[in-house]
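Features as listed in TrEMBL:
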- A:131-165: repeat 'PPR' (REPEAT)
- A:232-266: repeat 'PPR' (REPEAT)
- A:445-479: repeat 'PPR' (REPEAT)
- A:480-510: repeat 'PPR' (REPEAT)
- A:676-752: domain 'DYW' (DOMAIN)
Amino acid sequence: MASLPWVAVNTTLHKLESDLRKLPPSSISLDKRSQARTPEKRQLESQPLDFGEALSILKEGNFIDSALYVPLLQECIDRKSLWGTKSFHAHVLKTGTHQDLFLSTFLVNVYAKCGAIAHARKLFESLPRRNIVTWTALMTGYVQNSQPEQAVEVFIQLLEAGVFPTNYTVGAMLNACCSLYYLKLGRQVHGYIIKYKIDSDTSVGNSLCSFYSKCGILDSAVKIFRNTPEKNVISWTTIISACSESGRAETGLSFFLGMLLEGMTPNEFTLTSVLSLCCQVQEFALGKQIQSLCVKFGWEAQLPVRNSIMYLYLKCGEIDKARSLFEGMGTASLITWNAMIAGHAQVMDLLKDDVSSHRSGIEALKIFQKLNQSDMKPDLFSYSSVLSVCSRLAALEQGELVHAQTIKSGFLADVVVGSALVNMYSKCGSIEKASKAFVEMTRRTMISWTSMITAYSQHGLSDDALQLFEDMRFTGVRPNEITFVGVLSACSQTGRIEEAKRYFKMMTKEYRIKPVMDHYACMVDMYVRLGLLEDAFDFIKGMPYEPNEVIWSMLIAGCRSHGKMELAFQAADILLELKPRSSETYFLLLNMYISAERWQDVSRIRRLMKQEKLGGLRDWSWVNIKEKVYYFGSDDRSHPQSTQMYELLESLLEKAKGMGYIPYEILQIPDDSVGEKAGNLIVHHSERLAIVFGLINTVEGTPVRVVKNIGMCRDCHSAVKFFSELTQREIIVRDSRRLHRFREGKCSCGDFGAFL
DNA sequence: CTAGGGTTAG
């Protein structure tokens, strides 16, 4: 963006002003050529066409029927076939049809759409004649090929050439401005639009509306929309998707309602936008109603519509339905593939603690692999989704392969892909590679910074996290509420009470960010770690909203660790009034009462769990070894190497005891699938088995990475610390709450990470 | 001029 000098911009606008002055007001508004397609043109398009056949005719140097020109070019766009376009171009030159301005303009457009903007430019330069549509096509081409500065440049040139801009040209200019984030320039263009009274033109209004929304000013977009006198379907679609981009899904849905009430018929664009809104706010029932609307209006066969519906099914967890839609799709686009990968990634979140969540991730990797084998190339969306899948799976090997692929394909340069990579390495336990990826980024957004700050914080490196936060502020990037979760949790890890208070104040006063539950949770966590349990209690009581389950469990777990049982019991009573929803919370209380031998309370908890219909938890862990996944449950003996595993485990535990390991009582997690078998006490939780399996089956000295579906208990946490020292191995366990990196007898979580 | 897919927390 630096290459566009302000002088040029001002010249443009100055020139624009004088040129627009010469213009009779009526001539700007419409360019007939691009209006609704003429009947004979539509007829051309419906001609049957075999793309391959047509191309081979061209290749052999033979002529093709001119009736096939338009459909062939359209096909080149759809397939992004540069080779096809070139062949066609050659054909046009040979037949002398390049004199046809319509065809030449179309070719400029096709080259641009195939990503060959340089070719488009060359053709443009060589044309003996050009009209405003040709100019506009070139501008649009630059915008679409991420060279908005060039688009502005072309705009200057066309004005200098004495050509009159149309509404389309103004639209392309506004698009260039929003890609440049040139709010100022766009506003000036808006000024001229008003001055020359073309603001009542529907398409100009639509462009402005989309411009403001893309610059993040939804209010202005809404204003423009309301002031557009003759709203068409596009106007409504624009405002609806503007709401979607600004994350204001409810507003978007109400606009949709308004549209229907005004008797406007939605088109396929509208419906796909609305479906995406439904996904955003998880209004799946509404989404299914929209699906019926798609059928009613006859849009259900459109690929984008089918993509949206498939994505909707994934988001509400109906994977089988989504999969059958996917498999039934004759032609899938890259977006179809990406939606499948991203959808599976989100299903992982949906199924959080269940082992099927993991399977969904594996499925996503498989889909990505199939995409690689297909004739389509993954793009930045595919890469960022698949990287997030790798990070959720802690699949380092696969993640590294994807990393290599992003380097090869050049997508690593994208900020989102870069941030996803930082996150992947961090979640896979390698802070070194995460920070390397961060340092190598050429551009950073707030999310990139936040990812890295959070990464340091999760790895227990609070100095680095806080330093980076200061760097971020110094760079002038505005943190959001998630950044502060990272900052505050970094403070809490190392008990920096004063700094935590300062940052909390900074968040609310300087950045006007309303603290949410997670911020309070960080503060409570800090008091608890420091053993300041009364302070924690007071802090909780002073919160502006009702503390949730997580906050109370933290306090209770802390009281347990510090032996302040009276306070723990008091807090437990309050917690139970809240009717906790998670089984984990009940197990925390249950085990606490069992070890305190408060049998009345034990039966009270059991009764409550039955009332709430909360079943057992499954304790699962898995370990990735050479792209294969091995699952383990508590006391699992199903693996052929079991004997060897248990021998190693017992010997490690014995040696640990010699070094001072004192076992806590191991948390009992009754598993529903097994039924309540009396006297079947758990001896080993799943992560221990996964760890020893990893130790046996990986090379000496390399890290072992394990993922666990629920939180680690105190006993396992303490034992694994000794394992890391005894084996001189780095052991990484990612549980449902946080990341534990055990090295030389210490854990990155600072020892207060195990709640149960 | 309008659409469908992506990254950050506990």
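Any Cβ shown, glycine's included, is placed from N, Cα and C.
For the repeat 'PPR' (A:445-479), DSSP puts the residue distribution at 27 helix, 0 strand, 8 coil. Tertiary proximity for the repeat 'PPR' (A:480-510) is limited to same-chain residues at least six positions away from its ends with a CB under 8 Å from its CB atoms, namely 446, 449-450, 453-454, 456-458, 460-463, 465-466, 469, 472, 516, 518-519, 522-523, 525-527, 529-530, 749-750. Looking at the repeat 'PPR' (A:445-479) alone, the prediction's average pLDDT is 95. Per DSSP, the secondary structure of the repeat 'PPR' (A:480-510) breaks down as 27 helix, 0 strand, 4 coil.
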